[in-house]
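S.K.: Got a structure for you, written out below as structure tokens; questions coming shortly.
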Amino acid sequence: MTITPQNLIALLPLLIVGLTVVVVMLSIAWRRNHFLNATLSVIGLNAALVSLWFVGQAGAMDVTPLMRVDGFAMLYTGLVLLASLATCTFAYPWLEGYNDNKDEFYLLVLIAALGGILLANANHLASLFLGIELISLPLFGLVGYAFRQKRSLEASIKYTILSAAASSFLLFGMALVYAQSGDLSFVALGKKLGDGMLNEPLLLAGFGLMIVGLGFKLSLVPFHLWTPDVYQGAPAPVSTFLATASKIAIFGVVMRLFLYAPVGDSEAIRVVLAIIAFASIIFGNLMALSQTNIKRLLGYSSISHLGYLLVALIALQTGEMSMEAVGVYLVGYLFSSLGAFGVVSLMSSPYRGPDADSLFSYRGLFWHRPILAAVMTVMMLSLAGIPMTLGFIGKFYVLAVGVQAHLWWLVGAVVVGSAIGLYYYLRVAVSLYLHAPEQPGRDAPSNWQYSAGGIVVLISALLVLVLGVWPQPLISIVRLAMPLM
């Protein structure tokens, strides 16, 4: 296989992030300088984002049998890069108060971003597995980065052991699919999965095991048990990456797999996915009701959001509107999560010790940091799906797709789940405006809005509001980002 200049242009984001990994690694070996390595990482991620314009000019193509670069890949690559950029930005002040080695943090984020980009472009079960491992392995180190805190170390061990088990399920499932079909390419699987082949026991067992592995990575019920503990134990910037880049990249590749290989045509698989979606929506929201730790609350909330997205995935065979719904919902979820976790990161930095994740830490925040409290309120309203926010547009799309596909009991679950979610999101928002305690335990720096993390949080809030009122530009971008068929 010959690589042409056109192919290299299509792979620019992957190549730039890979080059940044090498440069940061050499920089660490030469001389440890926190500011230099953070700057190099941010420049590399920004350059990869800018390179997407050149990728768009090159057009859609199969670069290798494992990778397909098209509008769909560009959208999800962009979202992964934005989440990685925000993670590095939030991490800088947090690492300023960190006594151990700081520079490796950026290296791990960049390697995980490489995995996310590979997943966004994956067109083969081999690249799907490589991408998932490339995004998971750095996260083992990132989750336990504050290893002197017992909770962070415990979260890292839990995540490592359970993730390894999930990967083995995924790999075994792929082996069974290959044994029955004789191919691992998404497109080839799509051609071979007709004529009742989807009812073959070996194939059903293979896809069932793959659902277990992918369900763990996406923290869907009943494979979700690691989520609240890991979100709570991980440093706030790492929780940001876990909730955004990791979920978006993996859900994107699952969408492509279901689109090319019509796995959803099997009634058995559709029923299993519908039960998982229903359980994730209801259980995720119910468990979040009693949480007083904001990171655990957002962890349970992410379970329910993936349940909502699963409704659109089940309805994928009904038309392009499902693709549109997932794209709009994920963009809304990305910016809302970046804003919410960004506020937690700002409140936690550059303090030593555990993050400011107790709900009590945010009590009365409005009276001394009014803009930060307003940002957090907007994020909570968007995650709850209140009109005039981007979260509402995404949820409306999911409901419309569910109705179009006649998934009535899942539509009912979305409505009930949203009603339950409204309670705990508003509980966080209301606590911001209560009387502040005489001695607040944590507070954001007085100049937070001039820091890089503060600017990211403010831009996220602005986009959530502007695109919530005028979503047409986003809808146009998502419509352009359709996979090459």
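Glycine residues also receive a Cβ, built from the backbone N, Cα and C atoms like all the rest.
Note that the coordinates shown come from a computational prediction; the quantities given were computed from them, not determined experimentally.
Residues or ranges marked as transmembrane segment in Swiss-Prot (evidence: sequence analysis): 71-91, 105-125, 127-147, 159-179, 203-223, 235-255, 271-291, 297-317, 326-346, 373-393, 408-430, 455-475 (among others).
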S.K.: For the transmembrane segment (71-91) and the transmembrane segment (455-475), decide whether they are in contact, meaning at least 3 CB pairs lie under 8 A, counting pairs 6 or more apart in sequence.
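M.R.: Contact between the transmembrane segment (455-475) and the transmembrane segment (71-91): present, because at least 3 Cβ pairs are under 8 Å.
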S.K.: Okay, the transmembrane segment (455-475) and the transmembrane segment (373-393): do they have at least three CB pairs under 8 Å, pairs separated by 6 or more?
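M.R.: Contact between the transmembrane segment (455-475) and the transmembrane segment (373-393): present, because at least 3 Cβ pairs are under 8 Å.
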S.K.: Relative to the transmembrane segment (408-430), which of 235-255, 297-317, 455-475 accounts for the most Cβ pairs at distances under 8 Å?
M.R.: 297-317
S.K.: What parts of the chain pack near the transmembrane segment (159-179), using Cβ distances under 8 Å and only residues at least 6 beyond its ends?
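M.R.: For the transmembrane segment (159-179), the list is 125, 129, 132-133, 136, 139-140, 143, 189, 202-203, 205-214, 216-217, 223, 225-226, 230.
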S.K.: Do at least three CB pairs under 8 A connect the transmembrane segment (105-125) and the transmembrane segment (203-223), leaving out pairs fewer than 6 apart in sequence?
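M.R.: Stretch pair does not touch.
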S.K.: With an 8 Å cut-off on Cβ pairs and a sequence gap of 6 or more, do the transmembrane segment (235-255) and the transmembrane segment (455-475) reach 3 or more such pairs?
M.R.: no
